[in-house]
Amino acid sequence: MGGPRAWALLCLGLLLPGGGAAWSIGAAPFSGRRNWCSYVVTRTISCHVQNGTYLQRVLQNCPWPMSCPGSSYRTVVRPTYKVMYKIVTAREWRCCPGHSGVSCEEASSASLEPMWSGSTMRRMALRPTAFSGCLNCSKVSELTERLKVLEAKMTMLTVIEQPVPPTPATPEDPAPLWGPPPAQGSPGDGGLQDQVGAWGLPGPTGPKGDAGSRGPMGMRGPPGPQGPPGSPGRAGAVGTPGERGPPGPPGPPGPPGPPAPVGPPHARISQHGDPLLSNTFTETNNHWPQGPTGPPGPPGPMGPPGPPGPTGVPGSPGHIGPPGPTGPKGISGHPGEKGERGLRGEPGPQGSAGQRGEPGPKGDPGEKSHWGEGLHQLREALKILAERVLILETMIGLYEPELGSGAGPAGTGTPSLLRGKRGGHATNYRIVAPRSRDERG
């Protein structure tokens, strides 16, 4: 994109006296501003970043004018926040080496004009260093500086070159105009409107953060003392009746009963038998014919039992009868009183050793430590950052010899690297290296 005229103007600017010094507008009242130099400072700030959500129980108010019998709750999804630490780089203006004071006008007597330039400082940071492979926090600053240089180079490559007015005295061939690269000095003197204003009033206090998350559950406490014995239980239900027992032996004979009353006259006929059957007739004085025999009368009461007869010959033993049916279960009685405790028995002989049991199931895996996981993620991030920095340096060609240094042929290097706008300010970039700890807001 750069033509021969642009290269010629650049070489003429280098040949002018004071070309490697700081830029200056030339105004006498602001000549002290050339002693100011820019420095890159790094700060670590904290910020809240949302990290998931959690459920929160919120008490609902009673919609009725009267008091409600119970409390009601509703579940609300609340965001969870954590604190992230960011490393922010900023540019500050301070006195150049050899100058001091409020306006950087006092020069030290023992110090001379500084011999370094902006390109020299960048050249010191562009030297590749051997990566040791130890991804710890000591390499963060080195990677940050290298990445910062890469971003500055990329910004210069993407800047659109503004048209340069034609200069008739410039040669067409830029090859003979070799020389050291131009040095970028400190920014030029600013006008009155560029003076730093007074600090403003502090801002209002921010809103109160959300309540923190609930802490982890505590450890289980020791078991409490044994309580007093409980009251005795109620009496049990009545059991089913028991089986029916066998029949008892016959009882002894009872005493003789009272004598029976005398029966009717026809009862005495039965003692001598029926006259028709026994061939006996009763003489009667009347000659009337005998009528039919009436129905028999009711049986008389049982007479007294006779005396017991002699004991008979004992009979042969009978066959054993089948067992009777099982009777219903009897009612269970009340439990008796608890007896006294017996004497302790002698210990028995020691038994033989049993067989070895099967191994138990494998336990659950333990929880991983949060510190180890975060350290591993930090190492992976540093490793990826180091690889990307090396790839970018290789693609841009930062380690090729500079134009005019004599280490390479003419025309090498990237001409558009030096297209920085004179008097312009470089864009501030921030490099973030997260280092978090969880917090709920």
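Quick reminder: no glycine exception, Cβ is built from N, Cα and C everywhere.
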Position flagged as O-linked glycosylation site [Swiss-Prot], chosen from Thr42, Thr89, Thr129, Thr155: Thr42
Per Swiss-Prot, cysteine bonded by disulfide to Cys37 (from Cys95, Cys96, Cys104, Cys134): Cys96
Segment confidence, the domain 'Collagen-like' (179-368), expressed as mean pLDDT: 72
Rounded distance in angstrom between the Cα atoms of Asn51 (N-linked glycosylation site) and Thr42 (O-linked glycosylation site): 26
Intrachain neighbours beyond the compositional bias 'Pro residues' (222-231), with Cβ under 8 angstroms and 6 or more residues off its ends: none
Residue distribution over DSSP helix, strand and coil in the compositional bias 'Basic and acidic residues' (335-344): 0 helix, 0 strand, 10 coil
The compositional bias 'Pro residues' (292-311) - residue tally per DSSP class, helix then strand then coil: 0 helix, 0 strand, 20 coil
